[in-house]
Structure formats: structure tokens, C-alpha cells
Amino acid sequence: MGSERTEMRKRQMAATQETPGTMQTQHSVGNRGPNACCFCWCCCCSCSCLTVRNQEEERARRTSHELQAEGIPNCEESPAPTLEEVNAWAQSFDKLMLTPAGRNAFREFLRTEFSEENMLFWMACEELKQESNKSVIEEKARLIYEDYISILSPKEVSLDSRVREVINRNMLEPSQHTFDDAQLQIYTLMHRDSYPRFMNSAIYKDLLRSLSEKSIEA
């Protein structure tokens, strides 16, 4: 009996010594983070897959205005404005918008106020009016709608509900004049809101002073 008890005690002591190591190993496994190797297939790899998928979705979500903007120059091609032209811009908004140089200077100012989309929309409407091909008109009308009318666009212009309803009806059968009401509203907004600030801006005053100095030197 004594030998059997002694043998049992030895086994119990051996089991006690092994338990802490075993528990420590189990604890270590339990504390593995989500990036542990044994979780690679369900976490690490899935994260990589999600990253790739998100990148693909981001490319797919690129709005048409981003694609179109790649082909839009920062300014229209035009000769440098004369002193007479720049002075004429102060006479009326119509005279400012009449020349490419005037639109370029005004557009540069709108960019500083984060409202360049107003000018881009107006220019896109003018370009649409020059089209005669039905398929081209439909495509350009769709791009204009997605870029400047859709509430999902970061370049959405400010239009009232009446004009939006008119546009939605016109989009059922797009034409060169689908956005005429909206274009007029944005033109009026730029005239009343942005134009007075442009005339008092450093952009306009610096250009006027530079041309005046050149005129005196000549």
C-alpha cells in the first residue's frame, strides 16, 4: 500500500509541474491578436481581399466629373488681356464673361472661393449648345447631370427645386437646351454673388495695376 501511495504522489506532483506550462501555452494562444498566423485565412487574408475590393470599388465609383476633369484645362486659350479689356470687366458682368481672358480671371477667383463648379457648369452648357449629334448630346447631357446636378456629386451646383424638376423632365429626352434654366440661374448667382467680390479681389486689382504700369512704361 505504501509503495502505491508513494507512486500516486509522484504522479500528482508530475501533473502539477506540467499544468502551469500547459496553462501558459493555452493562455498564450488565447491572447493571440487578430493578425496571428492561425487566423491568417480568416483575418489577414480577408483584410487584404477587402483592401483590393475597396480599391476596385473606389475606381468604379469615380464620378464622371473626375474623368472629365482630366481633360479640362485650368484656363481657356486666349491672348493676354489688354488694359481696355480689364477696365471693361468692371462695367458689367456680361463684358467679363464675353471674353476667354475674362472668364479665365474670374474662374481663377472662383477657385479661391471653392465655387469653380459654377463656371465649369456654365461652360459645359455652352459647349452642349454647340452640339448637333443626338448621341453626343445625350452623352454630354448625362455627364453634365452627373457632374453638376446630381446630389451625389461633390461638384453639385446650387439650384432651386423648380429648376431641378425642369431638368428631370428634360432629361427624358435630352437636347442642347436641357439645362438652359439652370444655366441662367447659375449665371445670375455668379453675377449677384461672386462678381462684386471679384471686382474687389487681389486677383483683379493686381492684374489691373500690372497692365496700368506696363501702359505707362510704354
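Placed from the backbone N, Cα and C atoms, the Cβ positions cover glycine too.
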Legend entry - Feature region 'Disordered' in TrEMBL, mapped to one of the ranges 1-26, 157-182: 1-26
Legend entry - DSSP-assigned states of the domain 'RGS' (92-208) in counts, ordered helix, strand, coil: 86 helix, 0 strand, 31 coil
